[in-house]
Amino acid sequence: MDENKQKALAAALGQIEKQFGKGSIMRLGDNRAMDVETISTGSLSLDIALGAGGLPMGRIVEVYGPESSGKTTLTLELIAAAQREGKTCAFIDAEHALDPVYAKKLGVDIDALLVSQPDTGEQALEICDALARSGAIDVMVVDSVAALTPKAEIEGEMGDSHMGLQARMLSQAMRKLTGNLKQSNCMCIFIKQIRMKIGVMFGNPETTTGGNALKFYASVRLDIRRTGAIKEGDEVVGNETRIKVVKNKIAAPFKEANTQIMYGQGFNREGELVDLGVKHKLVEKAGAWYSYNGDKIGQGKANACNYLREHTEVAQTIDKKLREMLLSPAVAEGPEAGEMPEKKEEEF
């Protein structure tokens, strides 16, 4: 670039920063803050599938799946992980179905969690926007998009037609929210339900509610599915769960995480450590016995998991080594690396 152009560019940049504030325009390579801060999801497998060690701050995230697939559990696990890092979280309960007892069992500090149960969709989204603009909230969860009912629909008659009303409301909200979330470095997670498109002969008939705006504005989209039941004898004690990263703007997409959600406990972290440890040769398996560093830790997976629950320092070491192996060095050294929360041994 010639000297006159450089002077003109410097003057323009100076004017823009003077008018709109420092950092309103920058060279991409100069800005260290472009490294995206993340929060662990509570599942090591999912953190690895996301490629960044967790979900990104300052972005919109969409979580969708069938009923009882673990969508709310995933967000509550993330809230618990964020609270352990000293972050402030809010839960916009549009479905009016949040169970504080279950949230507490997953490790959520319910005394510190901000909860809103809005009357209309517009009210819920205005609350989200106000919290984002405050700069004091780190994580927000909206459960769920399907329950964000426009005011006109609530005040109208039961049979009235409101074509595209919710989609227009969400599209406008996304335009307002995106910039405010980035400026305040606040993550907003929207939980979505699945619907079936009528008359689809070929291809996938599934779609999500609320139009297409959220799909475009979301930096990460997660598809969570229940793939089987975990039984102890005849009693079902949890779900086998598959989480697919459908969209990812911070790392490579289309990766999958297979994990277990135990009723009343959340993600089976110790089970993930055993499975991933064996896969990547950190944990040795000989017959039914599992060993780590030459020491036997249990006969059968259940006993190995119990050992890791009782010896949290061993679990933390395996967790840290797996993150160092499977994530980039900068990501693996994050605050969530190696932290294994204590589980409450309660029946759900």
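Glycine residues also receive a Cβ, built from the backbone N, Cα and C atoms like all the rest.
Per Swiss-Prot, the features are:
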- Gly65, Pro66, Glu67, Ser68, Ser69, Gly70, Lys71, Thr72: ATP binding site (BINDING)
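Each of the binding-site residues Gly65, Pro66, Gly70 was scored by the other Cβ atoms within 10 Å of its Cβ; the lowest score goes to Pro66.
Proximity of Ser69 (ATP binding site) to non-local residues of its own chain (separation of 6 or more, Cβ distance below 8 Å) is seen for Ile224, Arg225, Arg226, Asn239, Thr241, given in sequence order.
Around the Cβ of Thr72 (ATP binding site), a 10 Å sphere holds 23 further Cβ atoms from the protein chains shown. Residues within less than 8 Å, Cβ to Cβ, of Glu67 (ATP binding site) and separated from it by at least 6 positions along the same chain comprise Gln193.
A Cβ within 8 Å of the Cβ centre of Gly65, Pro66, Glu67, Ser68, Ser69, Gly70, Lys71, Thr72, the residues given for ATP, is found for these other residues of the same chain: Ile224, Arg226. Of all the Cβ atoms in the protein chains shown, 22 others lie within 10 Å of the Cβ of Lys71 (ATP binding site). In sequence order, Arg226, Asn239 constitute the residues six or more apart from Ser68 (ATP binding site) in its chain with CB-CB distances below 8 Å.
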